[in-house]
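Structure, as structure tokens:
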Amino acid sequence: MAMLPPPGPQSFVHFTKQSLALIEQRISEEKAKEHKDEKKDDEEEGPKPSSDLEAGKQLPFIYGDIPPGMVSEPLEDLDPYYADKKTFIVLNKGKAIFRFNATPALYMLSPFSPLRRISIKILVHSLFSMLIMCTILTNCIFMTLSNPPEWTKNVEYTFTGIYTFESLIKILARGFCVGEFTFLRDPWNWLDFVVIVFAYLTEFVNLGNVSALRTFRVLRALKTISVIPGLKTIVGALIQSVKKLSDVMILTVFCLSVFALIGLQLFMGNLKHKCFRKELEENETLESIMNTAESEEELKKYFYYLEGSKDALLCGFSTDSGQCPEGYICVKAGRNPDYGYTSFDTFSWAFLALFRLMTQDYWENLYQQTLRAAGKTYMIFFVVVIFLGSFYLINLILAVVAMAYEEQNQANIEEAKQKELEFQQMLDRLKKEQEEAEAIAAAAAEFTSIGRSRIMGLSESSSETSRLSSKSAKERRNRRKKKKQKMSSGEEKGDDEKLSKSGSEESIRKKSFHLGVEGHHRTREKRLSTPNQSPLSIRGSLFSARRSSRTSLFSFKGRGRDLGSETEFADDEHSIFGDNESRRGSLFVPHRPRERRSSNISQASRSPPVLPVNGKMHSAVDCNGVVSLVDGPSALMLPNGQLLPEVIIDKATSDDSGTTNQMRKKRLSSSYFLSEDMLNDPHLRQRAMSRASILTNTVEELEESRQKCPPWWYRFAHTFLIWNCSPYWIKFKKLIYFIVMDPFVDLAITICIVLNTLFMAMEHHPMTEEFKNVLAVGNLIFTGIFAAEMVLKLIAMDPYEYFQVGWNIFDSLIVTLSLIELFLADVEGLSVLRSFRLLRVFKLAKSWPTLNMLIKIIGNSVGALGNLTLVLAIIVFIFAVVGMQLFGKSYKECVCKINVDCKLPRWHMNDFFHSFLIVFRVLCGEWIETMWDCMEVAGQTMCLIVYMMVMVIGNLVVLNLFLALLLSSFSSDNLTAIEEDTDANNLQIAVARIKRGINYVKQTLREFILKSFSKKPKGSKDTKRTADPNNKKENYISNRTLAEMSKDHNFLKEKDRISGYGSSLDKSFMDENDYQSFIHNPSLTVTVPIAPGESDLEIMNTEELSSDSDSDYSKEKRNRSSSSECSTVDNPLPGEEEAEAEPVNADEPEACFTDGCVRRFPCCQVNVDSGKGKVWWTIRKTCYRIVEHSWFESFIVLMILLSSGALAFEDIYIEKKKTIKIILEYADKIFTYIFILEMLLKWVAYGYKTYFTNAWCWLDFLIVDVSLVTLVANTLGYSDLGPIKSLRTLRALRPLRALSRFEGMRVVVNALIGAIPSIMNVLLVCLIFWLIFSIMGVNLFAGKFYECVNTTDGSRFPTSQVANRSECFALMNVSGNVRWKNLKVNFDNVGLGYLSLLQVATFKGWMDIMYAAVDSVNVNEQPKYEYSLYMYIYFVIFIIFGSFFTLNLFIGVIIDNFNQQKKKLGGQDIFMTEEQKKYYNAMKKLGSKKPQKPIPRPGNKFQGCIFDLVTNQAFDITIMVLICLNMVTMMVEKEGQTEYMDYVLHWINMVFIILFTGECVLKLISLRHYYFTVGWNIFDFVVVILSIVGMFLAEMIEKYFVSPTLFRVIRLARIGRILRLIKGAKGIRTLLFALMMSLPALFNIGLLLFLVMFIYAIFGMSNFAYVKKEAGINDMFNFETFGNSMICLFQITTSAGWDGLLAPILNSAPPDCDPKKVHPGSSVEGDCGNPSVGIFYFVSYIIISFLVVVNMYIAVILENFSVATEESTEPLSEDDFEMFYEVWEKFDPDATQFIEFCKLSDFAAALDPPLLIAKPNKVQLIAMDLPMVSGDRIHCLDILFAFTKRVLGEGGEMDSLRSQMEERFMSANPSKVSYEPITTTLKRKQEEVSATIIQRAYRRYRLRQHVKNISSIYIKDGDRDDDLPNKEDTVFDNVNENSSPEKTDVTASTISPPSYDSVTKPDQEKYETDKTEKEDKEKDESRK
């Protein structure tokens, strides 16, 4: 790492001409160097700029203060990277770094010219940016004016002037564009430049449409981003996530195009079908009207309109489409609905319709229109689009954004780690300089009794030399003295807040002299280690605390924010507000005194007992007097007054931990044992002191920087805010304290809060006077109680302490507001103040962890979302202004197009507020309706562009970022372990006390009764036993002095707590004594059992809790195995578990009754070995065998399905179909008997015990009971009784029995049941959250939604005619068609308020509610148009908090819960390292494949040629291109095209048909009968046949079937095959892969959803079949038949249009409905609904389907997406294995799975990378040591395995995986078993080499013999002879050398042998033999 220059003021050097000359010299030296070693340069990476010294960042703290003369002056660059670049830096007062280019600006201003220097000074001054900021904001305000007055023109010029001035200054200071750091090199400056250029252009050049150009001024608002520092990063993140979205976008557009094509083919022109009047005037015919009608207006009078609708009623020609009323016929005429914008007539409109479907905006309307015009069967199209398009693609976008966010987070964490290391090195260097001095000084201070004053003097003398200090030491000294004199007496007051405070006053200014030697070093170390540990728990990595930290450790600002945001919501002293940021950002990370710091103390690691002498903490105090410990935690005292050793857990995982420890040891040895004389020598001591004071002052500096407030504040606080006047007062205070702090008081207050909330919730609209008075008195009482609580707490704790606790501040605010409200209660318009009382509800969070967590998550997200919200606000603002500037005028001018009365509609863009509302509505996902209006008044293109931009930028990206943040705050570990506080547990203590009291009473009673019966008390032993754990208090009480405990009231609480939890605690904490002390805050030990799933401590999690979780797991296992009693289609558990789960004797039933029963009633016990008992036992065994038989189960499943199916027939037409009715009645009886029989059989077989301990059996039991009761009632003739009727509807639950029978569904249900607790929790929290809005709504709108309407057309009377209720009643008496009516969904009471809020939150039916609210005037007054316009704000706030946050919380909770469940079930991934995962996944893929037999090449030459052509990749791609072209021609088609176009398209179509037929024929010729072995080929064949038939019989087919062209669209799916060939399409492949992976899970969820829909459809049919047809219920969409109910329910699954279906059901009495109406053909009377049933029905369905099932869908997709992305980044993917087998097929045409050794080299060279081994590859292949079977053949698996290993590298897990894989493969291909390997490639090579060596040796031997025997004449001949073999050998040796011997060796030695151990030797041996052979060979050569 390039070290930074030595920190401190010396590092600042003025930038002078010499500096410039030096830089130039360096540059020339560099260039000279570069010429010398050009080659080297490529290899090495150059230095990188330091990220802490980037322009725009704060100067790192380590540099200290800037010397006064150097502020705003050019200085030499501090970053070594720029040493040879022409740059200099300037620092402003705020220590921000500005970097400039040192070349002359604009070629004339050098860095030393006065003009440039002045420009630089202006530019870096903070006021300059403030001025620009203010200008921008003022400018924004002016832009929002819709009709600006004349004088604003001049203001405009001023703005332009200021912006020009700003740019001029920047250009003068920086230069224009040549070189780094000049004006145009910063992209943000481009924005300024463009804005200014446009300003001048529009002013001086006449460009026609000025308003469009003027909208460019809006971009000025974007400048805020460049001025505010945090925003740039967020925008960066946004841009990143948009980049990541590119793949999803491509996929989305592709899918939408395909769907749009299908829509175009199916529904072209259908939406023009309208109901046309039959009776025409004499001379009129249909044709004549069509031809003569010039405009839509003329046709209108002939069409049929439903009341209140703009468009004519649609109809269709098929039987299941919408029919026309009497007197009308269905005709295709006029334009499409919604101004003609909703249609499938051309590809573009179809695409828009599908985009709308995907975003689910008002899609129910499109759905209803299409089904009405085309027929109900087309529901299938919508199901596919909604599930694939909408759910899948939209959630993929979410997944991608979340991952981008997560990656960014990871990157930040990495960067932080890096910083930490650099920082460590830097500090080490500082330490070395100051270490000895420090040690000596500290020792001197401790061991001598020199007067304070001398020390002070010394430190003063040294402060001049201090490099870092800049504050006067005198100030500090004086303050220190004063502080010391003020040591207060009444400190140690038991309360833990007092404990933390006690350290504050005295040691605030204690110098580091008071720290022990080690203590002093520790301040340093603490600084390093604390940031690493999460402030809330030890859980997770070292850096978990920095999870959200964005900035570096060095920078002063910013870091604190992140830490603060992660801490406890309520007790966070370092709140996120105010200017304390710079204080909190310092290098110290404060220890939070009021939090459980699990991470500081343990007894695991000990360090020598060196501690601050006085045992006080070094601490700093902020404005509220909050103490932040700077040094370690408080010293712990032993009873004898000694100090306990302080212990630090170094739970470090990074590399610095080791060094820290060594340093600590080294330092201790050197510094602690100082020589005596050194201490006694005053001179030495003085020197030590002066050097040490340097550091001292640094520490002081830090503390000052961390102080929130000026010193006088502390003096004031200690004088006035701590009340210790007289001893009596103190006694009184203690008494009050004892009372107020008692848990029972807390319980009482909590009960009061709940009651108060109830009282507030009881307000409703028509209230009696008495009720009002009761509520008023109640309010007074509660206000009194809370005020009293506050006063008493103030007395008990002193204001100083009282306001340290977040909750207390909160309480005091609410009490104050309540009191103010009491006095202002009668003032008109202040009733809103009452809603402040509602905040009391939040006090519940104190004792309700989930609510607390929710608030924390919202707090956290708001912290992190602060910047994001700003960006969102800027985006909304920009678009609102753009809309207003572009379309405002058009709305005014063309308003008659969209409104008959020519008044502006509610949604328009004529002024800023309304424009803002439209943009906000688009962000909520409702864009299509306002867009139609916009397109109608302002033209299509501009509106489409603007709306799409808002939609994509705003809705998709920002809202998803919102979600990503929510999810990340969920997954961050510190929230899963809910932070328990002392207060939070007070309730539990109280409850425990009550329980104990009850138990005690029970016990005494029992003993008393037993005594009175004079029996020996049985229970005494038990009680002793249970009381026992409480005697082990040592477990729970960590080291605190007994003295302290007796003082501490909290201890008393502990006692209660501990004994209260008794045995449960005992279980979980029995063997954790060692950890006990650091689970909790050292000064307070509260033990709360932690659930194994959510424990804070990983250490505990691993071993201690394993026993616990095991028991959980086995329970789970038991449950699972027991589910077979009610279903034998059961999941076999993996491996060993299966054996465990089976009963001892599989075919014998268990005992009938539980042991308890048998003990009570001995008669239950039967002897089964003889007599009746034996017969009974035989019967039971027989029953058991029957029930356990698989056929029995299948039969029952069939019966369940049949009986459920039977329910679907009972619709309103059943009365007309008599035979079906009779059949159903009999069937019903039969089913009931069968199910009763099944139940009895199971009772006999399993016994009651087993049957009734199984939840699924209970379900069966209850459902059978219902059938039984209805059966009995029917036979007795009571079938028409009300209760019996409602019981009959419960039969709808029958399908639930299918749940336990289908594995897939059961898995989903189990997962859901697991999630229910957390879902309920979140639901409750949401209800509390919404309660506040609901009560507020009741206060604002109760009784104000009434209006006086004209019942004939439903219009409202204007206020001029009817002003209030009494006038309306007067009118009613005059005419019959007037009515004073209320909105059905209103805020008249809290319950209805909830319903209204649900409609607002799901954005369905919210418009009516909002309009009523905005128009409301007063109770009993007629509403007035937009009278209370700003009531919109109430809804906006609710949507943000109530809808976005809480509904997204559901997603968060479900996903989080699934992950936790996965952990509990022990998903393999949790226990695998990254390496193992890689191998595991590769194996998973390998095992599933096997070589296939390729289609053999035909022998015929001609066929062979065609075969080669057809199997070529190019052929495939060509066909693909043709398919795409065919699609394009299909896109060109449109409704009503010319005949010529028809003709052209017809011939193009013919060409395509001929081409595809040609392809088909070619393939048939070459592939022969093998053609039909491939699925796609069959599909193509069918399409071709249909197309040919279709050419001749087009009319007929289209009339009766779907048009055959549709099948061609499906062929697009073939694109999936081509994606494999395109390397760039990896991202899209990943997405599709994720979809494939999710399909099984999604299918299960779909099944479950279908089941839910089925049950609800049956319920709906029996309850709402006869309701009045209005709003959403009409002739097609209703609950009359099963099909119609399903159509309605599918629509509500996405929560679309449920308000319309609910509205008619809310009609409960005339005049809304007619209770006496007769329905012909049925006995039912009336068409009124049942409001309560209706509301329950729809709300429960929405919660189940919309919130739960749909969110499970999301969870699955997110999960699989992350898995798929992981897989795509792995070195070997599925495709590589596919490729391997494709190549294999060529080498092994008969699919023998073996290949000859001789072919291996070619095979390896034929593969694609990464498996490819290019030639020459012989040696590498030999070294792989592959097993061979007879005939020198090698198995494909062995080859693949070896190649895989080569790619992945060696891993220890290989062997086990290998065997797993083989097992898998064997089961897939039994053929392999017969071949046992005989040898291996390596062994074969060794044998060959050995053979040659033996041969050679033998030859030599023969040769020698020869030489001896024969005379020298023959020697030449012999030589020539001998050369032959030698030549061969040398050739082989050469080969060996050329192919890099190292490589061979490495592979040989690193690759482990395969699993055929019998054949091969172990590695080591093999390697050695290799070596010896080589040596032999070399010896041979040398011999020769």
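Using the three backbone atoms N, Cα and C, a Cβ is placed for every residue, glycine included.
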Annotation match for N-linked glycosylation site in Swiss-Prot, from Asn101, Asn867, Asn1350 = Asn1350
N-linked glycosylation site per Swiss-Prot (candidates: Asn974, Asn1039, Asn1364) = Asn1364
Answer with yes or no whether Swiss-Prot records Ala416 and Val1667 within the same membrane-side topological domain.
-> no
Which residues of the same chain, at least 6 past either end of the transmembrane segment (151-172), have a Cβ under 8 Å from a Cβ in it?
-> 105-106, 109, 115-116, 119, 122-123, 128, 131-132, 135, 138-139, 142, 145, 183, 189, 192-193, 195-196, 199-200, 203, 220
Sequence-remote contacts (6 or more beyond its ends) of the transmembrane segment (831-847), Cβ cut-off under 8 Å?
-> 569-570, 746, 749-750, 753-754, 756-757, 760, 779, 786, 807, 810-811, 813-814, 817-818, 820-821, 824, 854-855, 981, 983-984, 986-987, 1328, 1331-1332, 1335-1336, 1339-1340
Using DSSP, break the topological domain 'Cytoplasmic' (848-864) down into helix, strand and coil residues and give each count.
-> 16 helix, 0 strand, 1 coil
What are the DSSP helix/strand/coil residue counts across the topological domain 'Cytoplasmic' (796-804)?
-> 7 helix, 0 strand, 2 coil
Long-range CB partners for the topological domain 'Cytoplasmic' (1566-1574) (under 8 A, at least six residues beyond its ends), listed in sequence order, are 1495-1496, 1498, 1503, 1506-1507, 1509-1511, 1581
Counts by DSSP class (helix H/G/I, strand E/B, coil) across the topological domain 'Cytoplasmic' (228-241) = 13 helix, 0 strand, 1 coil
For the topological domain 'Cytoplasmic' (1566-1574), residues assigned helix / strand / coil by DSSP = 8 helix, 0 strand, 1 coil
Residues outside the topological domain 'Cytoplasmic' (1626-1638) whose C-beta sits under 8 Å from one of its C-beta atoms, at least 6 past its ends, are 246-248, 250-251, 392, 396, 1616, 1619-1620, 1756-1757, 1760-1761, 1763-1765, 1767-1768, 1774-1775
For the topological domain 'Cytoplasmic' (796-804), provide the mean pLDDT of the predicted model.
-> 85
Tertiary contacts of the topological domain 'Cytoplasmic' (173-185), defined by C-beta under 8 angstroms and 6+ residue spacing from its ends, are 55, 85-87, 99-101, 103-107, 109, 116, 119-120, 122-123, 167, 193
